[in-house]
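Okay, structure first, notes after.
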Amino acid sequence: MPSRQDILNAKILVVDDSPDNIELMEEILKEEGYTDVSSTMLPEQVCPLHREHNYDLILLDLQMPGLNGFQVMKGLKEIEQGGYLPVLALTAQPSFKIAALEAGARDFISKPFDLLEVHKRIHNMLEVRLLYKELAQYSRAQQELALHDALTGLPNRRLLEDRIETALQHASRNHHKAAVMYLDLDGFKAINDTYGHAYGDEILKMVSQRLLSNSRKEDTVARLGGDEFIVLLGDIHCLADAQGPAAKLVEALSEPFFINDLTLQLSTSIGISMYPDDAENVTDLISIADYALYEAKRGGKNRFCANGSAARQAAQAVKPQVPAVTPSPAPELAQHR
Ligand SMILES: Nc1nc2c(ncn2[C@@H]2O[C@H](COP(=O)(O)OP(=O)(O)OP(=O)(O)O)[C@@H](O)[C@H]2O)c(=O)[nH]1
């Protein structure tokens, strides 16, 4: 529930074509303790101002030359996506009251003002508005939580699958490729077992940061769970465009981790799958990358491997006399052993 101080600090806009009415309303609000009150006599300014300041309350005169209050509310509806107009209509016309409510105003105040009524209605309306904002914020936070890993803050599998789907559509439209790089840390269990889970968690957070800082802004770095991550590369042209970043990540994660007074060392293995060469849907791309990861582990860890048809094509292009075989480990890996 918003506190009294929250309510007094709410952002309020007074809209009236009469300077006297504006002055009177500002005085009433100031005396009550409201701290953030502004005003305009220009109805056409209300929407741009609201877009910029996101008012908690707009005290809106209904009868104004040029744009009237009803037209202003129409414009405000386009800004307030949730459909909640923070409008308290000000009117001297009894017949306008219901029309104002029907047009989207939450409540109305009759002119001439009855001070007690003005204060009560403004207070009540702000209380509901701030509560609505709190709820909207809470619901956004819940959505974020549902799509992100709690430990590292990275996108989780659900969001990742969505991002891959979007990347595939984009790649298909532009005749580009995309790569799924499936990472699994090497020897992570030993860190947990030797130093404890808290150190393991710290490593996972540091790994996330390294993955982010060694990826492009437009790539997605996600945590699938445990010590498994996926880095999605969109808009690339060939397998080599994924092998370079994979080598960079293998390198970055083999650098020591400094936690408190300990220096910990680990490495990572990566499996790569390519769209559309290896598969054309999210599930298959992930499982082909997972299989390539298994090959990288089997080949000695601390390396990347691509063993789908993209890799076979690349190997054939380099050495046409050699039959299409799974390059495991890939030739570029020698430097990471
Ligand atoms: N600290 C921590 N550990 C986790 C978390 N989730 C899973 N684990 C542990 O991560 C370890 C992952 O197991 P593995 O991938 O088999 O271990 P590994 O030593 O890396 O094995 P290789 O991949 O073969 O090198 C397990 O010991 C899990 O208990 C977590 O959120 N925090």
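These residue numbers are counts, starting from 1, taken along the chain as shown.
Even glycines carry a Cβ here, placed using N, Cα and C.
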**Asked** Under TrEMBL, which of the candidate ranges 158-177, 318-337 is annotated region 'Disordered'?
**Response** 318-337
**Request:** Enumerate same-chain residues with a sequence separation of six or more from D61 (4-aspartylphosphate) and a Cβ-Cβ distance below 8 A; give 'none' if the list is empty.
**Result:** V15, D16, D17, S18, N21, G69, L90, T91
**Item:** Confidence summary (mean pLDDT) of the domain 'GGDEF' (176-309)
**Value:** 96
**Prompt:** What are the DSSP helix, strand and coil residue counts for the domain 'GGDEF' (176-309)?
**Reply:** 58 helix, 43 strand, 33 coil
**Asked** Per DSSP, what is the residue count of the domain 'Response regulatory' (11-126) in each of helix, strand and coil?
**Response** 57 helix, 24 strand, 35 coil
